[in-house]
């Protein structure tokens with residue numbers, strides 16, 4: 001620009017007067033453009049480059065100037081990394097890091113998402129150091145959300161971890177195809193990278209007794225570590241507090257958390273992006289019962305204004321029953337509206353509070369803490385000291401041990417009788433712990449995941465979910481209600497003139513329709529397992545309306561009684577009538593003497609199924625119960641491949657496995 005200006009200024013003055021090179025408008029536009037360019041350049045210069053790992057913190061081997069900076073692992077003997085989707089892995093990690101103190105070590109639980117895991121080798125520089133990994137497996141052998149980056153790094157890195165001591169405890173469920181896949185992979189991959197396994201891989205099975213598996217592994221693990229590092233336990237029977245109570249008698253209530261998960265007042269001023277720590281408050285626009293009769297109150301919600309795709313999951317954050325919260329306050333004799341903070345005694349810890357603080361006991365018990373599930377053994381062990389009856393103390397500590405008698409007592413008194421913390425307090429009148437210690441020990445209340453029952457192509461501004469109300473009476477005669485389904489049931493469209501809202505976010509899924517619409521799809525989803533297929537059917541119908549070639553769309557669903565709980569009957573029959581569903585197969589399991597399930601219908605239609613799978617490249621989708629249905633359905637496919645494909649059982653099994661590998665056999669199951 002300077003060269004142009006200089007050149008134009010050399011023109012003779014008379015010539016400029018007779019024939020101006022620029023009009024006033026030209027000069028104005030020229031000046032405006034120049035100003036915009038200068039502004040853009042100056043703004044660009046001020047912008048700070050965004051570091052690639054902006055939110056990652058380094059793993060330091062020795063204290064330095066940054067010793068008190070957030071999240072440093074400086075000087076820690078034991079670092080317990082966790083991959084956790086529902087909070088259990090994190091809970092186990094906290095217990096192990098707390099154990100370390102009893103052995104004269106300094107431990108901490110660490111979320112791998114918040115750390116630069118490429119620095120893991122630095123742990124070798126710390127004397128008597130150990131990395132423990134509590135790794136849960138999610139979905140079909142996948143890492144949990146917070147362990148995804150760590151998993152990717154393990155796959156891509158060729159770094160050396162010589163001198164890093166490690167052990168792994170895996171959390172999974174045997175009913176799933178890829179049992180403990182993530183934990184087993186981490187254990188194997190760390191060894192390949194040169195790290196030293198100092199204790200055998202632990203395998204926790206949530207289909208059996210995950211708590212018992214963990215306690216047994218833990219009680220074998222620590223003596224082995226003592227021998228390995230040459231240390232002795234100290235104060236094993238003492239309770240170690242992780243947080244200290246601070247009461248706020250005079251505080252601005254605008255600075256007090258009222259249920260927000262991350263940013264204070266985030267529910268009042270919503271800012272995207274919306275995720276697990278910043279859920280969107282979605283208005284409820286429809287809440288209706290889906291089943292025609294019976295006491296299994298099935299319902300559908302329409303939640304507005306979220307971007308999603310068919311097959312995705314929606315996570316909702318429920319709240320606990322007010323009556324249970326009030327009863328806890330009453331039995332412990334506390335003012336639930338007292339404003340408090342629980343502050344970590346370890347100032348260097350990345351986790352400053354067990355839940356958002358400052359807040360009230362009422363908010364903590366309502367929004368942040370899981371008070372409905374039976375407490376784990378470590379909670380009983382820690383609270384035992386407050387029981388004034390020696391027999392109660394003895395039994396509570398016994399239940400926390402790995403002794404057969406203790407395991408049996410925990411199984412019967414806590415698990416089989418389904419006692420939550422309130423029931424335990426009611427049945428052990430000598431046990432009256434301080435409420436702040438109780439709040440410290442309770443696990444966090446977790447989001448509940450539901451398969452989305454709609455297509456964004458047809459319903460771009462709403463999300464539909466389908467759920468069955470959980471309600472039953474325990475052996476002790478107590479009525480137990482599902483936290484989320486009871487809460488959702490009571491979410492009226494308009495509550496005293498105000499719209500009911502649900503904190504939620506979308507979790508992306510790999511459960512997707514085939515890229516080619518012309519591929520046939522076979523969907524198997526009894527009960528509420530039909531939910532994602534309602535979205536698939538809507539989307540296939542939309543594609544047909546757009547003039548696309550759409551392959552066969554076959555549905556196998558089921559319920560107990562046609563006249564009671566046939567979900568989406570009108571919608572499904574209309575879709576079949578319009579040709580969107582090629583064939584609708586419904587198993588009514590209790591409408592005849594002999595029970596009929598979806599796997600029976602698969603065998604009945606074996607010729608069509610084999611043609612669709614083997615010749616027409618159909619994609620198979622299974623949604624629902626993992627423990628029985630998904631296994632039985634898979635067995636039915638094995639049998640069809642054996643009979644019509646002329647295969648042995650081993651060959652049929654490999655055939656289905658290859659379909660899974662190719663993304664043509666997908667499961668969205670739960671247990």
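In case you wondered, yes, glycine gets a Cβ from its N, Cα and C as well.
Those TrEMBL annotations? Automatic predictions, nothing curated.
Features of the protein shown, as given by TrEMBL:
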TRANSMEM  21-42  transmembrane segment
DOMAIN    78-222  domain 'Flavodoxin-like'
BINDING   84-89, 136-139, 171-180, 206  FMN binding site
DOMAIN    277-514  domain 'FAD-binding FR-type'
BINDING   296, 528, 589, 590, 595, 596, 597, 598, 599, 632  NADP(+) binding site
BINDING   448, 449, 450, 451, 466, 467, 468, 472, 482, 483, 484, 485, 670  FAD binding site
> Which one is it: of the binding-site residues 87, 139, 450, 670, whose Cα lies the shortest distance from the Cα of residue 599 (NADP(+) binding site)?
Replying inline: 670
> What span in Å does the FAD site cover, taken as the longest CA to CA distance among 448, 449, 450, 451, 466, 467, 468, 472, 482, 483, 484, 485, 670?
Replying inline: 23
> How many whole Å apart are the CA atoms of residue 139 (FMN binding site) and residue 468 (FAD binding site)?
Replying inline: 21
> Of the binding-site residues 173, 176, 179, 595, which sits closest to residue 482 (FAD binding site) by Cα distance?
Replying inline: 173
> What subset of the binding-site residues 84, 87, 176, 179 lies within 10 angstroms of residue 670 (FAD binding site), using C-alpha positions?
Replying inline: 176
> What's the CA-CA gap between residue 597 (NADP(+) binding site) and residue 136 (FMN binding site) in angstrom, rounded?
Replying inline: 31
> Average pLDDT across the domain 'Flavodoxin-like' (78-222)?
Replying inline: 94
> Are there residues of the same chain, six or more positions away from residue 589 (NADP(+) binding site), whose CB falls under 8 angstroms from its CB, and which are they?
Replying inline: 558, 559, 560, 595, 596, 597
>> What's the number of neighbouring CB atoms sitting within 10 A of the CB on residue 173 (FMN binding site)?
In response: 21
> Taking the Cβ of residue 670 (FAD binding site) as the centre, how many other Cβ atoms fall within a 10 Å radius?
Replying inline: 17
> Of the residues in the domain 'Flavodoxin-like' (78-222), how many are helix, strand and coil by DSSP?
Replying inline: 63 helix, 36 strand, 46 coil
> Taking the binding-site residues one at a time (136, 466, 484), which has its Cβ surrounded by the most other Cβ atoms within 10 Å?
Replying inline: 136
